[in-house]
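So the structure is just underneath, and the comments pick up after that.
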Amino acid sequence: PVNLFEQFQRVANAYFLFLLILQLIPEISSLSWFTTIVPLMVVFTITAVKDATDDCFRHKSDNQVNNRQAEVLIDGRLQNEKWMNVKPGDVIKLENNTFVAADLLLLSSSEPHGLCYIETAELDGETNLKVRQALPVTSELGPDIRRLAEFDGVVVCEPPNNKLDKFTGVLFWKDNRYSLNNEKVLLRGCVLRNTDWCFGMVIFAGPDTKLMQNSGRTKFKRTSIDRLMNTLALWIFGFLVCMGIILAIGNSIWEHQVGAHFRIYLFWNEVVNSSVFSGFLTFWSYIIILNSVVPISLYVSVEVIRLGHSYFINWDRKMYCPQKDTPAEVRTTTLNEELGQIEYIFSDKTGTITQNIMTFNKCSINGKTYGDVYDDLGRKTEINEKTVPVDFSFNPLADRKFQFYDHSLIESIKLGDAMVHEFFRLLSLCHTVMSEEKNAGELIYQVQSPDEGALVTAARNFGFIFKSRTPETITVEEMGKLVTYQLLAILDFNNIRKRMSVIVQTPDGQIKLYCKGADTILFERLHPSNEELMSLTSDHLEEFAGEGLRTLALAYKNLTEEHFKEWFKILQEANTSVDSRNDYLAAAYEEIEKDMMLLGATAIEDKLQEGVTETIASLSLANIKIWVLTGDKQETAMNIGYSCHMLTDTMNEIFIVASHTGMEVREELRKAKEHLFGQSKDLSNSHVFCEKMQESKQDSVLEETVTGDYALVINGHSLALALEGDLENEFVEVACMCKTVICCRVTPLQKAQVVELVKKHRKAVTLAIGDGANDISMIKSAHIGIGISGEEGMQAVLASDYSFAQFRYLKRLLLVHGRWSYFRMCKFLCYFFYKNFAFTLVHFWFGFFCGFSAQIALDTSYWTAINRFFILGSIAVYFAILFTMHSDGIFVIFPNHFPFVGNARNSLSQISVWLVILLTTVVSVMPVITFQFLKEDLNPTLTDQVRKLQKARRKQKPLQNYMRRVYRTNSRRSAYAFSHQEGFGELITSGKNM
């Protein structure tokens, strides 16, 4: 029933159901109901089967998730239970590398102090580890099943919502209350990492979980062609009614004047004495006769074409990824032509644009750069497949995947360069990485940030191997020698500090501070003696940044024991302070992180997927705007923007919106708007300005008036404020005027809200592309959703309309297949409509020859066969012509010729289309007229001869009457009678006047 309801949203389907009802009335139907119900049933069946197939795949994926097994504590023992049967209040056991089945309150874990480590790639796209900690009072429960079964705590918390970074609640247990926050909760979709086991109590399950709250509702997607066909069907139906009225009026006139003489030949079962009623019945008869003008077969033809285009995409070898053995796949076959009208692309970053793989690429140590390759003449050469990498075979614990090509760095290490050793010692100590040794000699690093993983892995390969850590120590293997450092303090990273430090004590008692962070922050805290080295390193950093690499500066400081003890007292006081604790900690960190000595800098490459830069450049030439919506922090997103050339140093301005209140966001957007349009008094009142810019035509004019390249970067908190009703207009205006938009730290729901905002205000066709579960809501909201089968699972693929393995295939999907589909569909619609009009106008014309009696000009079987021949033949011929005339390479070479937005709407306004309709109609009718004239003249039947004689007599009779009238009119009597009233004939004949 739901599918039928959706199908009847098509106006033509509803019309043909009405037509079928009319054909069941014998008084007005001259066609069999069979001619309508068969194509109607074919249309419904084909569409229903296609929709059922699409739904079946999604249903299988849902079942796969719902039937996953979870260990639930039931009746004092652990039992396997399906996810779909898990309910709030259940206690669940999770093991390492398993998915979290529901939103849980963490009770206890295998790690000390109730700690556990989770990966949240399904939620925010980040693969780095995050730490969660149970309440001390519940962590004492440990793995004791009996005590866990007796747990009777009550949780009072916020209602289900979609905020991934916030949770507020209270646990009431044993007459005490304990505050709960996001750090005590494991959300559905997370994966337990580096933790043997943990227990949790279900707070929210099923659709109430935060992941499901962010997933969004699956929407039935229609293309603009479908909407256009609905509009055209209404206009055509109006045209049909007009033709029916004209013919009905003609029938009434004909019946009134001459119809009564023909009832012996065209008789009614019951005599209709009223010519008006006859016209009324004839109107409905012609609605049935002329129904071919309303294109029910068009929907079947369009579905066949779409299905063919879908197979072309599936079969395209240029969109096949041999590394993953993954071809392109069309999961929804009804949206192909929409690919040719895309104006906005919304893309995830991690795993979609990037490979989510960080690699140590270059470094600067004590003023010397490493990482470039030079030939024998000292000239810099490009690294390619033939370049010989550094041999790390001397290190049995080296990561075999790591590659470095500058042999001078490994030589410096082997020669014992003190600064180079200190450089990699810093990398092996200054981090928060967790190590796990699965087998002998096999180290697995669990990292909180991919950058840290890349740096620690680089140090590992160059001989400084981070082995293990405890809360008090860090163990490192330095060039084959095991060294244990005492960990005295960790000065952790945050977005304000933009640096991280550790203070360690070497085995010989020396205390050192190692620091890494953003160069702009670190250089301010260096000792004045570093001026020359800092200048040299700054040049190297600029060179690295110009190549799109992510950079960090490294420094160290030797501390005396007295200095450290004095500072440690300050740190303890800051930790125990009640008010302004964070401020006191920041001041303590500032106190120790100064007068440091510069070591050098690192350059990390966040590897883009192959062909990303070229794809973005081509799509930009096609006037398609690309927005990046990512859960990563601002610095990371901007670095990737530079890497793929979405952001460049030549841009006029990059607007960064990172405010905490609505007023601040409004002010920053207003300043950006003033910068875009120039200083103007009209901009002083932003509300008036918003009202003036509502119309899309004005918006397009404004876009043309903006000269230069601009970019907008906005964080999640500011975006949440910008999406509110009174600010969304200003945000959309500024964002759409920019060449590049990057939204950072956004939740899955915010991604969908941004897509909906552009759909609402710009009336543009949108495309969303992502690879993780955090992209599902965005994929569902956009007109076209594309899933990439990447590192974050297949959830995005299962919710998408199209899927493939790499971002670069988007270029071919849009510029080749999208353009082909849209171009063919527009041409086909144009041809189909003039074919239908010409075919119908023949019957309209024939009405003037058959006394408006609602007779068909062609036999029904002939009519149906010819119509089907035209449909199938037109599809076959058109595909053949287009394949020979159009090359896929042309659209890739000239992407600026890609947009054909609105062609379908404009195609029927071309004079040539209507001229062809008129000519086709005349050509169709002229042979019939010619044949009738020749037949009557050369070989008339007896009826024709009688009719000809009758016509001749009717012509002669009026002529004789006319001649007598002329004779009387021209007699002289009438002229004289007018003057004298009576002549003198009697007087003359009587002779009286003689």
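Positions of Cβ are set from backbone N, Cα and C atoms, glycine also.
As annotated by TrEMBL, domain 'P-type ATPase N-terminal' applies to 1-37. Marked as transmembrane segment by TrEMBL: 7-25, 232-254, 274-300, 840-858, 870-894, 914-934. The ATP binding site annotation in TrEMBL covers Asp348, Lys349, Thr350, Glu452, Phe493, Lys516, Arg550, Thr630, Gly631, Asp632, Arg745, Lys751, Asn774, Asp775. Per TrEMBL, Mg(2+) binding site is recorded for Asp348, Thr350, Asp771, Asp775. The active site, 4-aspartylphosphate intermediate annotation in TrEMBL covers Asp348. Taken from TrEMBL, the feature domain 'P-type ATPase C-terminal' applies to 797-856.
All features noted in TrEMBL, drawn onto the structure.
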residue	record	contacts (Cβ under 8 Å, 6+ apart)
Phe493	ATP binding site	Arg499, Met500, Gly517
Arg550	ATP binding site	Met358, Asp451, Ala603, Ile604, Glu605, Asp606, Thr636, Asn639
Arg745	ATP binding site	Thr630, Gly631, Asp632, Lys633, Gln634, Asn715, Gly716, His717
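If you measure from the Cα atom of Asp775 (Mg(2+) binding site) to that of Asp348 (ATP binding site), you get 7 Å. Least crowded of the binding-site residues (Asp348, Asn774, Asp775), judged by neighbouring Cβ atoms within 10 Å of its own Cβ: Asp348.
Take the CB of Gly631 (ATP binding site) and look out to 10 A: across all protein chains shown you find 29 other CB atoms. Looking just at the domain 'P-type ATPase N-terminal' (1-37), the mean pLDDT is 66.
Per DSSP, the domain 'P-type ATPase C-terminal' (797-856) is made up of 40 helix, 3 strand, 17 coil.
The number of other CB atoms found within 10 A of the CB of Asp771 (Mg(2+) binding site), across every protein chain shown, is 31. Straight-line distance linking the Cα atoms of Asp771 (Mg(2+) binding site) and Asp348 (ATP binding site), rounded to a whole number, equals 8 Å.
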